[in-house]
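If you look up TrEMBL, you'll see 45-64, 84-102, 114-134, 169-191, 203-226, 257-279, 323-347, 367-388, 400-419, 579-601 marked as transmembrane segment. Here TrEMBL flags 46-628 as domain 'Major facilitator superfamily (MFS) profile'. Annotated domain 'Kazal-like' per TrEMBL: 445-495, in sequence order.
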Amino acid sequence: MPDSRVEPGTDGEMNLSKDDTPDLRCGWGNIKPTCVQVCNNAKGALVFISLFGFVQSMLVNGYVNSSITSIEKRFQLSSYNAGIVAACYDIAYVVLALVVSYHAGQGNSKPKWLAFGSFALGTGAMLFSIPHFASGPYVYGSGTTDMCDVTGNATSSTDCTAEGSTLSYFLGVFILAQLLHGLGATPLYTVGPAYLDENVDEVSLGLYIGIFYASATIGPAVGYLVGGQFLDFFVDIDIGNDGSELTPADLRWVGAWWIPFVISAVLGWVLAVPLLGYAKEFPGTAEIRAKKISQAHKRGGEQIASNPDFGKSWRDFPAALKLLLCNPTFMLLCLSGATESFLVAAFSTFGPKYVENQYNLSSGRASILSGAVIVPGAALGSLIGGALMKKLKLTCRGMLKLCVVFAVLAMACLLVFLLRCPNIPFSGVTQAYGNSPITEQWTRSNLTDSCNKNCNCQGEFLKLTCGADSLQYFSPCHAGCSGELTADADGMMQLTMYDRSLSEDKFSVEEVSEHSSISQTLNKSKADIPHRVLCITGSIPGPILMGFVIDQACLLRQTICEVEGACWIYDNNSLTLNILYIALGVKAASVIFYALAVFSYKPVKDAAGKGSDSEGHPENPLYEVTKF
């Protein structure tokens, strides 16, 4: 039998070596075009991952928040229900973050996880728009008789069998869509930075991560602005509003909230294609990986976490969690992050709604103003925080103290909510008929008075009417009008609105402090996921509780087919005070957590056994933490 062995140096050995070399070219299966190899590097991956982050933040933190009020009106949702919809994104992220991060870390499929996330995000966006296409044209009462009809022939134009039973189902569709948004975002923020970390040298990694998060920061601003522009178009853009007098300033107006979601769906699906084409690493990654030096110290638990296989199995999760829970400073910063996330989620979700109702603005303008203030405010806060740290040369303890100072200042700024607009005189709602002041919250039954009790007013569709007594009425019928007269008015009621804005700057000081206080037993990438999960946990109850509080200030709610829906009119005084009390309480908790973190923080011991911080300043340590 001929000898089948291959001698060293023969062509057979060369072919064997080539077969063992992994194919790191960019492509899809056996399709690996030469023209796409120009993107087969860390820079190319950064572009697509950053675009993914931009689309995700634009969709979830921009479009969803700007469309909340329109969705409430269109589908008869309370603010509490809208808050549940908003919170489902964070619920999905919290539940799946640890699962995805650990499972993705075991294999070599990070690009596939990113592609799956982008596809799931696009699917969620398309599902979010489905209720518009499934609900039929928006009915706002344009064909109803809204004059006083003493004959009793007035009838409702609403088909309760079809309309009332259908709209209630769409809440579940919105919830499912938000869960898909959370599913899509989970690989982005867990696998995305890890993939860049594995394929970029230490010198350039900070720049790459900074570009990625910067793109995610720009997204909400674009989402608010673009979403606000689409809200100035009527929801049924293909059929218009029947040429009626309905305008964006009308309380009944519902803008084309669904268009940005369709656009986002297409973008998510398109981005999944290039992400799916990347291999587990790039040509040259092996050399970069060999040059990286572990920063973990070899003592105690550090020997466990410095193991390269640590964290790749579910069996390591209890040990990793225990190492983090044993760091009191880290946990206190997680709690403070949770309180901040509570406020950020609550105000970003209902901020446009508050501005719209408090200052009588259209949904589109309220969205644009909110985006123009919130996002630049957050960016400016990060710049100020970073500049102060550099100027003052702050140590970790100094950063924590600065967090306390700014948390107190932000808490004081909340008092600006005491500057509020008075309620607009509304007969039967904010004012009793005949200009008599009301002594208790009115319900819809109070819309009936002696002037309209025989008019058979329907009360399903709002059509504000200004009476001769300078009061607003729910409709001409409720004002007792039996006919319409078109003429020039001698007098006009002028409402002066004062725009004010409040944004809580998210300073970079807190983030740097958190990284500086993470236990030596874990490197940053292994500790970031539990930290992010703990912080985001606070954002889950934020929109739900804020929505519940906003509902308590409702004076007049839309009721169709005996089903209560969105709120038409709010008590401005109660709305402002309810929000203020919640914000002050949560912000006070944040101040307490930051203060406790200052006292619990103990610096690393130096070689002489004396405590010193990152700048070499001596301190007295009782508990050791490491800095990154």
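Just so it is clear, glycine is given a Cβ too, placed from its N, Cα and C backbone atoms.
Note: TrEMBL annotation is automatic and uncurated.
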Contact yes or no, the transmembrane segment (203-226) and the transmembrane segment (84-102), 3+ Cβ pairs under 8 Å, gap 6+: no
Spatial neighbours of the transmembrane segment (257-279) far in sequence, C-beta under 8 Å, 6+ residues away: 22-28, 36, 39-40, 45, 48-49, 51-52, 55, 58-59, 63, 66-67, 70-71, 74, 111-112, 114-116, 118-123, 125-126, 128-129, 132-133, 184, 223, 226-227, 230-231, 233, 235, 237
Distant-in-sequence neighbours of the transmembrane segment (169-191), which means Cβ under 8 A and at least six residues beyond its ends: 49, 52-53, 56, 59-60, 64, 71, 75, 77, 81, 84-86, 88-93, 96-97, 100-101, 104, 110, 113-114, 116-125, 127-128, 130-131, 134-135, 268, 529, 532
Confidence summary (mean pLDDT) of the domain 'Major facilitator superfamily (MFS) profile' (46-628): 75
Cβ pairs under 8 Å between the transmembrane segment (114-134) and the transmembrane segment (323-347), at least three: no
